[in-house]
Amino acid sequence: MTITIEQPHLDAIADRKVAGGGGGDNAAELVLDGGFVVPDSNAFGNAFRNYEAESERKETVEEFYRVNHINQTYDFVRRMREEYGRVDKTEMGIWECIELLNEFIDDSDPDLDMPQIEHLLQTAEAIRKDFPDEDWLHLTGLIHDLGKVLLHPSFGELPQWSVVGDTFPVGCAFDECNVHFKYFKENPDYLNPKLNTKFGAYSEGCGLDNVLMSWGHDDYMYLVAKENKTTLPSAGLFIIRYHSFYPLHKHGAYMHLMNDEDKENLKWLHVFNKYDLYSKSNERIDVEKVKPYYMSLIEKYFPAKLRW
């Protein structure tokens, strides 16, 4: 059975969440004044996404980005998309995949060192509290990081530099707002005249669907969702593929590659990002209590078994 999901309208939700509705083009700002309170610091007592703060994870995170920036090339991404886009590694349900993530901690994340299932549930529950009617967004929060199963032996046990971390386009110039930009200078594409200009292999307004992103869990989960014919709206798929694309949604870089649909979906990504980033804490979620609700959403938007 196919379920048709109407594309959500952010402006209408903003009107419901803010007294008087508010005006202007930046609907995301209206929603960000909602009930979720941004904490002052991460689980280590530092500002969120502070890559210079002295902490026990600083050296691990910087070394991660050094290796990542050297190895994420245009040709590498094409090979990985070809291999993993076949979704022929295994078959399993969404919740089975969530449970696999209990074994992993993200080396690129300066804000949290807990198993991934904690972050998924924290994100989803924070969204659910502020957006009770947007069940597609709750589910997107729950599954957005499931591509990290690439770290598991069943999926090739890929190194962390090819699974996690901030993402960025390959095939065009690396923007200087990328974290630890200096390490891109050792990337073979950095000196390739076909790939190191503003547009490189692309054209203005070509649309992000036509742009290769650095390979990792975002793009992999996006491919898995599409190949398994999810009925999530396009905004949900956009969030899954670009939630680690901080150069875009934090700094506004690479907007010259976006089309009109990308710009609309970016509003939802700005909403989502607050919950993805700032809901990380050492507070535990009662998994068994919330599991039935999320199982109902999985059944609504995905088949029982997915090809991965």
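Backbone N, Cα and C define each Cβ position, glycine as well.
For H243 (Fe cation binding site), the count of additional Cβ atoms within 10 Å of its Cβ stands at 24 [all protein chains shown]. Positions annotated as substrate binding site by TrEMBL: R49, D106, D107, S108, K148, G165, D166, H243, S244.
Sequence annotations record features per position, and here TrEMBL assigns Fe cation binding site to H119, H144, D145, H217, H243, D276. Same-chain residues at least 6 positions away in sequence with a Cβ under 8 Å from that of H144 (Fe cation binding site) are, in sequence order, L120, T123, D218, M221, I239, I240, H243, F272, D276.
Annotation for H217 (Fe cation binding site): spatial neighbours D145, L146, G147, K148, V149, L150, V163, V164, S244, criterion Cβ-Cβ under 8 Å with sequence separation of six or more. Counted over every protein chain shown, other Cβ atoms within 10 Å are most numerous around D145 among the binding-site residues D145, D166, D276.
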